Amino acid sequence: MIWLDTIVQGILLGGLYALFAAGLSLVFGIMRLVNLAHGDLIVLAAFLILTVVSALGLNPFVGALLAMPVMFGAGWLLQTYVLNRVLGDDILPPLLVTFGLSVVIQNGLLEGFSADSQKLSAGPIEAASLPLGPVTVGVMPLLTLISAVLVIFALNQLFYRTRLGRAFRATSDDAVTAGLMGIRPRNVFAIATGIAMVVATIAALYLGMRANFDPTIGPARLIYAFEAVIIGGLGSLWGTLAGGIVIGVAQALGAAVNPEWQILSGHIAFILVLLVRPRGLFPRAND
Amino acid sequence: MTGPVLSVENLTAYYGDFQALFGVDLALQKGQALAIIGANGAGKSTLMRAITGILPSPRDAIRLNGQPIGHLSAPEVLEAGISMVPEGRKLFPSLSVEENLLIGAHVRTGSKYWTLDGIYDLFPILAERRYNPGTALSGGQQQMVAIGRALMSNPDVLLCDEISLGLAPVVIRDIYASFPKIRESGASVIVVEQDIGQALKIADHVCCMMEGRVTLSGAPHELSRDAIHDAYFGVSA
């Protein structure tokens, strides 16, 4: 029974990793941009929620709702004034720029908030748990997984059921021809990054409520996010959820064997998936 | 008398240091079908890229209804009223047939003469395939989607770049059979073709290009076979 419990906890943990990865997957799927600052942008959003929550004395969930439009705007501005200028056939300039951005965000946060660990306090819900058949699950991990599923579902609906989603897919296929349809690829990219930052804010909410965070933890979160995206198949949103769960379960199983193996097991699972399926579990047909 | 719907005056175009167009002039009258013929590398597609704003041009070198549009970007040119069926069709593989058509009306719907139903009337086979991925169709059907997509913005000027390329003669004939209906909508049409016979059949006016210049211009019945041959190949028959 302990194994069943471990696997369930791993799946729930996977929800958090899927949230870290969803924004990255969205941006990569639309503009083939690898955003090395994604983890730091999540941490930035966590500090933004913390600031709103402490200043107004709000619940973190309400704080995150207020932070979302701000982060959308930040993502839009970042894409319009920085990333659009370096997007092109060469993948190196955006990598360098987002790497630089990562350093800037970390140091900016260190200046503003010091290196102290912080946490978003959600009250009694943090320790609450539910009996679910033979296992007991924490309410917070369960909420995280449900949020991840809802976020991925919402992004999929946006992609495949809306006019904006149609423009996203057309631009991703062929930006020049999309321009002939009257679509302005740079505007589409700016909206996509804005949406990715809203998703990053949701990730930041659960990151901040479930663990301590400080200005320097972004890059470690980025690695989990990357692994989830690659395991799932580049550009596939449901694949990203599956990728997050694979890493979560692997980490939980590793930790059950020996707590020192938790992080290592996640990375080993990533390498094993790559060995068996180099394009990930659910690669897009036309990539 | 009203002026041409689209005019090109002394248009030059460059790819880096390489000059691809040398002072091209042409005029498209309202409701007219203009065929631009020429061999590979004559500059026909470059001319299309310049008109649609993919390639930057001097502001006043291209005018639509008298307004300068040479400086506009591709989305702005579409909004102004010019749409293109690009060479190679360029359907969006992630989109279904219907979505490929709808994306044509993403920004501009113009007179609303052409709607989804109108396109399905024009090409009934597309209605049957509407939920298939655009790129899962045969070449001829893909070309129909590309034409329908361009019509969905109800353009004043429809540009067709090499629409017969790679298609069987019977398929080409079917596609060109739709042109009278397209012209009934009031759109003026420019057809870029290597298939001279097909181009001459539907055109009111023909321009022949060679090495980035217009070498011959006139109504199809005014032009002799030899004159076209000379202008096309640059040598006498």
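Cβ coordinates come from backbone N, Cα and C, glycine included.
Record features (TrEMBL):
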TRANSMEM  A:6-29  transmembrane segment
TRANSMEM  A:41-58  transmembrane segment
TRANSMEM  A:64-83  transmembrane segment
TRANSMEM  A:95-115  transmembrane segment
TRANSMEM  A:135-159  transmembrane segment
TRANSMEM  A:188-208  transmembrane segment
TRANSMEM  A:228-249  transmembrane segment
Item to check | Same-chain residues near the transmembrane segment (A:188-208), Cβ under 8 Å, at least 6 residues beyond its ends | outcome: 16, 19-20, 22-24, 26-27, 30-31, 33, 35, 38, 41-46, 48-50, 60-61, 63-64, 67-68, 71-76, 78-80, 83-84, 87, 118-120, 140, 143-144, 147, 151, 155, 158, 164, 167-168, 171, 178, 221
Next on the checklist: Do any residues, 6 or more residues outside the transmembrane segment (A:6-29), come within under 8 Å Cβ-to-Cβ of it, and if so which ones?
Outcome noted: 35, 38-39, 41-42, 132, 135, 137-138, 141-142, 144-149, 151-152, 155, 172, 192-193, 195-197, 199-200, 202-203, 206-207, 210, 221-222, 224-229, 232, 234-237, 239-241, 243-253, 255-256, 284
Next on the checklist: For the transmembrane segment (A:64-83), give me same-chain residues lying six or more residues beyond its boundaries with a C-beta closer than 8 angstroms to one of its C-beta atoms, as numbers and ranges.
Outcome noted: 33, 35, 41, 45, 48-49, 52, 58, 94, 97-98, 101, 186, 189-198, 200-202, 204-205
